[in-house]
Amino acid sequence: MSGWARALLLAAVLVVMACLVPAATASLHAEETLTSQFAEFKQKHGRVYESAAEEAFRLSVFRENLFLARLHAAANPHATFGVTPFSDLTREEFRSRYHNGAAHFAAAQERARVPVKVEVVGAPAAVDWRARGAVTAVKDQGQCGSCWAFSAIGNVECQWFLAGHPLTNLSEQMLVSCDKTDSGCSGGLMNNAFEWIVQENNGAVYTEDSYPYASGEGISPPCTTSGHTVGATITGHVELPQDEAQIAAWLAVNGPVAVAVDASSWMTYTGGVMTSCVSEQLDHGVLLVGYNDSAAVPYWIIKNSWTTQWGEEGYIRIAKGSNQCLVKEEASSAVVGGPGPTPEPTTTTTTSAPGPSPSYFVQMSCTDAACIVGCENVTLPTGQCLLTTSGVSAIVTCGAETLTEEVFLTSTHCSGPSVRSSVPLNKCNRLLRGSVEFFCGSSSSGRLADVDRQRRHQPYHSRHRRL
């Protein structure tokens with residue numbers, strides 16, 4: 001080989017080495033960063049593995065999940081993804097422990113739905129029930145597929161508070177251990193839970209203090225029926241329309257809503273608004289606590305049950321209006337029991353035309369299924385601005401066949417955005433426990449001459465929010 005050829009070969013080798021050294025250095029740096037992140041993860045979440053082989057496997061899973069986080073970040077420019085408490089779990093492990101309700105929710109999709117009627121007149125631009133003190137702290141379902149119980153109980157906690165009672169932490173363990181309609185740590189349905197509470201537990205929901213959660217390791221202890229304190233009662237539940245605008249309008253007036261979602265893309269979520277959520281099958285139960293339509297990207301606010309170390313202090317935001325994560329498919333809420341607070345006297349002016357004989361409406365609630373036994377009536381005027389116990393206002397009017405309630409979402413003087421709903425008159429409506437019937441009439445003496453079944457006057461309980 002000539003001298004110039006040897007020189008050229010040497011130069012080529014040097015060039016190749018010059019290229020390889022930075023690449024090797026970068027690779028080494030990336031590996032060191034990964035090792036450092038993994039060590040920080042283990043310390044933060046108390047991970048101790050049984051063997052060196054197990055630790056090596058978990059490190060490889062950790063690496064794969066960081067790559068998955070980058071993929072989700074690329075698809076969701078308004079959200080962030082990274083290391084979470086689940087970063088050393090395979091996707092199958094994560095699914096089986098934290099969002100394993102696919103079979104239950106698939107079965108629910110086959111049943112006939114009877115949603116409440118919600119008319120969207122003009123919901124407020126933003127609602128956050130956390131700011132109104134209606135939501136308990138984020139909880140931890142642990143390695144148990146009990147999301148359905150946390151969703152249902154979270155809803156009851158909020159509804160109980162908004163009916164005028166103290167905010168009370170209630171027991172998920174009661175459902176996980178005792179509700180045999182559902183499957184404990186293997187999944188369940190919020191609607192089943194509501195029905196079990198009413199039909200099998202006399203509507204009673206125990207306090208968390210008297211029946212604490214004990215299934216965090218994936219094992220459900222046997223049901224116990226004594227020694228527990230009743231913290232709330234429910235009388236039934238309602239299903240909401242599969243429409244995000246109507247769900248928002250209902251939530252704005254009535255409070256947080258239990259919903260099912262597809263949570264398969266949530267494992268690496270750390271913050272922001274998800275705009276490209278996997279939306280293939282329902283597999284997880286959560287709680288809608290608010291929304292914001294005035295944001296650059298309108299979003300839902302969702303309370304999860306994966307501790308405050310996940311997401312935004314235990315919450316996630318997803319884009320609103322495009323059925324992200326299938327959020328509109330299974331929405332429901334408990335109907336709470338108890339008397340609720342007595343409404344404050346209203347001094348607002350009537351919105352109806354003046355006249356000597358004001359109109360009234362009667363809500364007759366009975367303990368049987370035929371509106372005959374144990375009936376008690378509530379009588380209030382129609383056409384007047386009534387102050388509600390949730391701090392807003394409403395006007396009730398009577399039509400030929402229906403009673404219509406218009407709730408004003410941001411005003412105590414019956415002005416601004418409102419939501420309107422209707423119920424049939426003179427028809428007994430069967431509930432899960434008991435029944436209810438509405439009547440309308442008028443009398444100058446202040447009693448309804450055309451309703452002869454009135455027993456006594458009590459505060460009216462609105463279908464939207466108790467007045």
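Cβ from N, Cα, C; glycine included.
What Swiss-Prot records for CYS147, HIS284, ASN304 is active site. What Swiss-Prot lists as compositional bias 'Low complexity' is 345-354. According to Swiss-Prot, the disulfide bond annotation covers CYS144-CYS185, CYS178-CYS223, CYS277-CYS325. Positions annotated as N-linked glycosylation site by Swiss-Prot: ASN169, ASN292, ASN377. The region 'Disordered' feature in Swiss-Prot is assigned to 333-355. Annotated signal peptide per Swiss-Prot: 1-18, in sequence order.
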Cβ-Cβ distance under 8 Å to CYS144 (disulfide bond), same chain, at least six residues away: ARG97, VAL176, GLY184, CYS185, SER215, GLY216, GLU217, GLY218, ILE219, SER220
Residue pair ASN292 (N-linked glycosylation site), CYS178 (disulfide bond) - Cα distance, angstrom, rounded: 37
Between ASN304 (active site) and CYS223 (disulfide bond): CA-CA distance (Å): 25
From recorded positions CYS147, CYS178, HIS284, ASN304, ASN377, the one whose Cα lies nearest CYS277 (disulfide bond): HIS284
Candidates CYS223, CYS277: member of the disulfide-bonded residues with the richest Cβ shell (10 Å): CYS277
Among CYS147, ASN169, CYS325, ASN377, which are recorded as recorded positions, the nearest neighbour of ASN304 (active site) by Cα: CYS147
Distance, CYS178 (disulfide bond) to CYS147 (active site) (CA atoms, angstrom): 15
ASN169 (N-linked glycosylation site) versus ASN377 (N-linked glycosylation site) - Cα distance in angstrom: 32
Residue, out of the recorded positions ASN169, ASN292, ASN304, ASN377, whose Cβ gathers the largest set of other Cβ atoms within 10 Å: ASN304
Coarse DSSP state, helix versus strand versus coil, of CYS147 (active site): helix
Least Cβ-crowded entry, counting other Cβ within 10 Å, from the disulfide-bonded residues listed as CYS185, CYS325: CYS185
